[in-house]
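Read the structure below first, then the notes.
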Amino acid sequence: MPNRHSGQTASSSSDYLADNPPFCEVIDCVDDYCKDAIDLTTINRGILRKGLAVTVEKLRTCCKVKHISFRLGGGLSFYIFKFEVHLSYCNASVTLSKKGNSERHFKTVHKSYDADFMAKSALRTLKVQELKESCGILFADPGGVRSALSSGLTQRTAPRRQGYDGTELNMELFWILLFSGVYPLTWGQGVYGPAYAQIVHSGAACNVKDDNISERIYTIKEGDTLVLQCIVKGHPRPQVRWTKTAGSASDKFQETSIYNETLRIEGIQRVQGGRYYCKADNGVGVAAIKSIRVDVQYLDTPVLTVHQTISDVRGSYYQEKTVFLRCTVNSNPPARFIWKRGNMLIEQSKDNGVDIYEPLYTQGETKVLKLKNLRPKDFADYTCQVSVRNVCNIEDKSVTFKLTNATTPPMIRLSVNDTVVVDPGQDVLITCEVTAGFPLPTVMWTRYPGPLPLSAQVRGANLFLRAVTPADAGFYNCTAVNNVGNPARKNVNLVVRTMTNLTFQITPDSNKDSETIQMGRDLKLSCHVDATPQDKVNYTWYKNGAPVFNSDSLILLRSDPDMAPGTSSLEIVDMKFRDLATYSCVANFPGSRVQELRVDVNISQNSVSPPMLTVPPGGQVVNVREGGNVDLVCLADGKPRPPVLWSRTEKDLLMPSGKPIVETPDGRLRLKNVSRDMMGAYRCQTAPYNGLNIKRREAQVQLNVQYPPILDPVFQDVHSRNYQMVTLRCAVQRSNPPRLTDIRWLRNGDFIRMPMPDMKETPELKFKLEPSSNGSYECRVSNSAGTSTCTFNVSAQPYNAEFYFDTPNPVRILKGNNYSYNVQWTQRDPEATDRIIGYWINIRKNKQALLSKQIDLKGKEPEKGVLISHTISDLRIPLSYEIRLAPITIYSIGDYVSRIIQYSEPYTYPRPSDHVCGFEDERICGFSQDRSDVFDWTRQNHLTQNPKRSANTGPETDRSGTKEGYYMYIEASRPRVQGDKARLLSPLFNVSSVRGPKGSGRVPYCVSFYYHMKGKHIGILNVLLRVRSIASVDSVVWSKSGHQGPDWKKAFFDISPSGPFQIVFEGIRGPSFEGDIAIDDVSITTGKCKQENTVASADDEHLPQHRQLSALPDTALTHALILLSLPFSLSSALLTCLLTCLSPSTHDLSIFHASILSVLLR
């Protein structure tokens, strides 16, 4: 038969099979075979040669996932297939290994399966895309099976086959099952895997929807609590970090929440909406990043304003004028507007005197109601009602305005001028008088920049500022609003007088490029003060105490255009000996109480000389240890001696103070707590003021910050086997100064005697690890600036165990309200230390030890990536426990690691077996509150119930009689009133594809639960069946009212829904407060109810098949579960293959498997 995959004949591949003669030949699913129903004997004469017929439908299912052929060899070499079931995320992987002589060849194929086929088996169905993204699954290419191993082991590829792309090379689950009965003897890749993340919500979300499949949107009401949970998978356990984009840049997470798996934001605001990212990373592969967009819903109170036509702004509102009523609101989602006149709805189509439209270029959402040529009936109350259609239970909001012929816009008048200049300490009173406006305008005061001062007092239209300071200066705004026209606004600029920092400059004759005072040349004296307001400063010049006036030789400039604004200058023309004198400059505010400032300048041939700037000897380079204090010095000399300005030579660097320039009067720059980022060159310059205004003198000082060596590693855990050589290295990455002065090794604080090490080589210590040499090793490396240390914790102690958090269904319910938990873990680097012989496991509750025991591995050594399991029994529902685990070697015990295990119960989906929802975990089995009811059911137990709860009503314990057990409960006390309803919804059961018994179109289901209705004011407990079709239809299927006694009672009934359905528990409050109702242990199962059916734990003989198999080995159990999901004919074929396709070395074990399967197939 031609081989369609490779384009060659089957005989041409005989060379490949020559060394591996077929033991069980392979059945190929190819397109030709999918066209008709063909007896399998015509396909292959192999193990199913007895004529097992396959229907068209089954054959089509077989061929949906195309096309990989696996062959079994014989003789000394054989292939072994291992089928691994991952019920959590990845459906399955097939590990193919070939073992022959001393070589091992490993190949791995990861597969996805058709959803319809998978739904018929015990495996969880996943989409192909989810397998690709979440599980990192690679599909085989036409050249053979793509290896998923990264260990560098030798690959052996099957002969290349062409003609199909990668998606056509998927193998049908049925052919994998043919070989799943052979016990897996080969080494697998282990459970180490990259992180997987999924974001789920558990807060007060309105809904979560998919936007074009590319984006998940989480809708929440403003003010509610946002709770996002990042569910992670992967081994080791991934670490989680939350980030956010597309929101306010100033919105930051609290540091306590961004590294938790649960992100919680109380009272979320609209600016906190945006995209939230969860990043999960465990160091294996690429980090997993998932995102969800949070959409915050809100509706503000609308603002209604009234506007008149432009031509009539100054008039009043009266007849035959056009008026616009503009309603504006901020909302998400967009709001719907409704206009009313009085109580009557305004419809544009029924009133020619109005227009309703949406204007362009407006902020927010705006609707305009235009009243054309006012009519008498138009003078009325107008209401603008906005609605977001009850999204997130946001109620409608409205605003009303009364329109009359006296309606006018506001007008105001201030009691002061636009600018008010005052002295510090003075009181200020500003009145904003309303001169027009109806309705009466509201007056508001604001300030820019910043808010009103704390000392400000606002009394109606009056603003009072007591004892103002320069910090109170700014623009004060008075705004009058009555929602008619535009608001009336007026500003007052409050200026508080200040005067500081009076400086002078001496400028020689600039035309002659002179730097000294010379007779017969011009000289300019300048005076400047920093003041507010600058233009109100008055400068007065004095010569030897006498006022100076303009003359031919002395020219006064009130504002020198060649200097900074606000500078006054005195020019001495053609200087003579009579001009040698003491000149004074006085700056003040006329009529102000602000203190005047004065500066004196002595002009003589000996009193003025050019400045000089020098660095003291040895001061060009200044060395300082990190953390110390240091002075950088530039000595300035001259008459008068100018200040010195310091800056960094690099343009982009600021001074340690954060300023670009620092002024020092004596040229000394003091730096405290010096750090290495301060290292570099500093520039010093003479200032152009308080001295000669000539070319600046400058110099540089280099700051060298010395620090101890930077070493790697700072700390390292070193584990090794006893009596093996250990090498410790302490690398010097950086050092200033680079020359090392000393290297010393210590063990447990004691110096180790060893030859003097070479200071130019990397410090290294080698020794043989013995039980007595375990401990803390230090390498101390020194330079002239200090000493740094590498610390090594060296021991033969084993590495910590690594808990495995992805165990599928670790909880099993036991008798007596107990449960067991399957704890799994791997051993980190098991070969790095001495052989691990067992583990200590401790079980604690509330920090009290309940159990401590040793787990004996019975001679089996842990392997890297291979799970170790231990089942802990007799745990009490619904308590949680702390598990502590430590590995044991023949020499030592490792450190304990701990985790919390919690009781959890799966969602209540219909299944053939009984499953009870006892509401023992917070997920409450997928039940949810109905948002359309009045109040909610609450989850509680005896320990969490309100101690002030009403007496004579409600249960004391759950249905099983335990105080720790939970139940669902409605409280009838205030504020509840008679008739209030609370509804609890079950998960949606999609049963549209399930067929009923022959002759019927519907499948029956049994609903059972326990109820507690004690109290003289008990209302009604209804159970409704909600069937989903075009519209949801609720029908009462069970009801009970009134007092039913102090005990829990059981109810059960049958339903036959016509499509997807939910069960609704509806509690209705009675006439008074003694009417609490509770439910517990809800069960929804396939099939009709039995009179003997109880919700309590059944005997073993009544347990479902998967519970009977719990005692079987894991591999056999897996195979049994798989076979239970197959039709009898296929299961028989598998059993036949198991009995005929086994090598002698595995025959006995396979007979064991086959015996189990024979029992299951009875």
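Glycine is no exception: its Cβ is also placed from the backbone N, Cα and C atoms.
As given in TrEMBL:
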- 194-295: domain 'Ig-like' (DOMAIN)
- 302-400: domain 'Ig-like' (DOMAIN)
- 409-493: domain 'Ig-like' (DOMAIN)
- 508-602: domain 'Ig-like' (DOMAIN)
- 610-702: domain 'Ig-like' (DOMAIN)
- 708-795: domain 'Ig-like' (DOMAIN)
- 807-907: domain 'Fibronectin type-III' (DOMAIN)
- 915-1091: domain 'MAM' (DOMAIN)
- 939-962: region 'Disordered' (REGION)
- 939-955: compositional bias 'Polar residues' (COMPBIAS)
Range from 508-602, 708-795, 915-1091 with the greatest count of C-beta pairs under 8 A to the domain 'Fibronectin type-III' (807-907): 915-1091
Beyond the flanks of the compositional bias 'Polar residues' (939-955) by at least 6 residues, Cβ under 8 Å: 919, 922, 924, 963-969, 971-973, 1012, 1014-1018, 1048, 1073-1076, 1078
Helix, strand and coil residues within the domain 'Ig-like' (708-795) as assigned by DSSP: 3 helix, 53 strand, 32 coil
In contact by Cβ distance (the domain 'Ig-like' (302-400), the domain 'Ig-like' (409-493); 3 or more pairs under 8 Å): yes
Secondary structure composition of the domain 'Ig-like' (302-400) [DSSP: H/G/I, E/B, coil]: 12 helix, 45 strand, 42 coil
Residue distribution over DSSP helix, strand and coil in the domain 'Fibronectin type-III' (807-907): 3 helix, 57 strand, 41 coil
Within the predicted model, mean pLDDT of the domain 'Ig-like' (194-295): 81
For the compositional bias 'Polar residues' (939-955), the number of residues DSSP places in helix, strand and coil: 0 helix, 2 strand, 15 coil
Tally of DSSP helical, extended and coil residues in the domain 'Ig-like' (508-602): 9 helix, 42 strand, 44 coil
